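Have a look at the structure below, then the notes.
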Amino acid sequence: MTTLLFVSLAILFFSSFDLHTTTAGCDDTVHDQGGSNLVQVIHVNSPCSPFRPKTPLSWQDSVLQMQSNDKARLQYLSSLVAPRSIVPIASGRAVTQNPTYIVKAKIGTPAQTLLMAVDTSNDAAWIPCTACVGCSTAATFTPAKSTTFKPVGCGAPQCNQVPNPSCGGTACGFNVTYGGSTIAASLAQDNITLATDSVRGFTFGCIQKATGTSVPAQGLLGLGRGPLSLLSQTSSLYQSIFSYCLPSYKSPSFTGSLRLGPNSQPIRLLKYTPLLKNPRRSSFYYVNLMGIRVGRRVVNIPPSAFAFDPKTGAGTVFDSGTVFTILVKAAYTAVRDEVRRQMGKAVVSTLGGFDTCYTVPITVPTITFMFSGLNMTLPQDNFIIRSSAGTTSCLAMAAAPDSNVNSVLNVIATFQQQNQRILIDLPNSKLGVARERCS
Ligand SMILES: *[C@@H]1O[C@H](CO)[C@@H](O)[C@H](O)[C@H]1NC(C)=O
Ligand SMILES: *[C@@H]1O[C@H](CO)[C@@H](O)[C@H](O)[C@H]1NC(C)=O
Ligand SMILES: *[C@@H]1O[C@H](CO)[C@@H](O)[C@H](O)[C@H]1NC(C)=O
């Protein structure tokens, strides 16, 4: 059984909204040629989106906002090292890490619809439940209205899989941090339906209390590789295989897809690199990045910049929550210098965290990430961000802050992944990449 879900880009803040907006062209049932079921989730800025901002941001402001979200995201990813701490990172400062993509999920009997954020670097699923204190939304899940809802008891094996379980009463409770937020939830089970596939007895956290502003308004659906993630819970249905195609940042519709299960995957088009498992950050999808090519030239980067280290958690990951690829400083600087060298005497300017911007056309044709067994070549649209007026173009990558010595992560982010199908195959421990126009 394969399910194709449309994923949408939700860069901006969640606010109150109406799920039942009906606009021409906003029908969410469409069918692909393979006969899989599709659920369309709309882009945050599209006319169909309940999240669309009232006043659109300028190009500069939206770039700066994405950069600032990325900063918070990197802090959060870096904080995820075992044994997990429940101390909020950067306490006292507002660290807001907004979700990038959301999918439509139906939970309970009869079904209650929530637009959940998807996060490939997280295992947990949690949703705001009735009477949640500090949740930011009117759209919560009401357990009392579902005939199939069940609390998970303290003795249940799932209770040992959540971080910091607490068993004051009979229900299994747990506390986690997400970005700058803390969440207190109780563990529960109910049906979840994604597209038309229904999973019975799906285990998730029912949020009772939240602080901070990083909690996605209608919950989180973790697609990481740990024991409580959607993948692990549906392994008999989907065999721990899924793929996603993230839409073009230039496209007005910004609609991509998530395909769950082994069927209808573009097996013949995919090229693979091994997935690595890092016990320090067990949810993440690590790969072995070995080098970077700018145009035809392989850039001189010390191998230590890419070292995979199970002791510290260092290495390279694919992430769905970071927008612009982050490289450790030595790697970023070498790539940037080579781009500047190939640009010759053209005048360089900056835009927020981007230090390599031009007002003339950028002549570097491609950048290639060289992974073991797989060269992922990015066309310009995947590494150059251009202003809508076309007057400014910047190299859309960033250097990790120097202070991050213990958690040196290179993050292959969504701007670099756009219009590519990324396949995660856990049984065979590999990650596949194929060019695809997904929007
Ligand atoms: C939920 O699961 C129960 C069995 O546990 C089933 O009877 C019911 O039809 C399911 N509901 C939905 C909406 O799929
Ligand atoms: C979890 O958070 C709740 C509410 O903030 C608090 O009462 C409880 O003591 C916390 N539990 C643990 C194990 O930290
Ligand atoms: C990737 O590109 C490098 C440099 O151009 C080349 O040496 C290598 O063989 C390529 N790897 C694959 C898997 O194609």
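Note that Cβ sites are derived from N, Cα and C of the backbone, with glycine treated the same way.
Remember, predicted model here, so these are calculated numbers, not experimental data.
The number of other CB atoms found within 10 A of the CB of D119 (active site), across every protein chain shown, is 26. In three-state terms derived from DSSP, D119 (active site) belongs to an extended strand segment. Among the features that TrEMBL reports, active site is placed at D119 (among others).
The number of other CB atoms found within 10 A of the CB of D319 (active site), across every protein chain shown, is 25. Taken from TrEMBL, the feature active site applies to D319 (among others).
Annotation comment: TrEMBL describes 101-434 as domain 'Peptidase A1'.
Annotated signal peptide per TrEMBL: 1-24, in sequence order.
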- prompt: Expressed to the nearest Å, what is the distance separating D119 (active site) and D319 (active site) at their Cα atoms?
  reply: 8
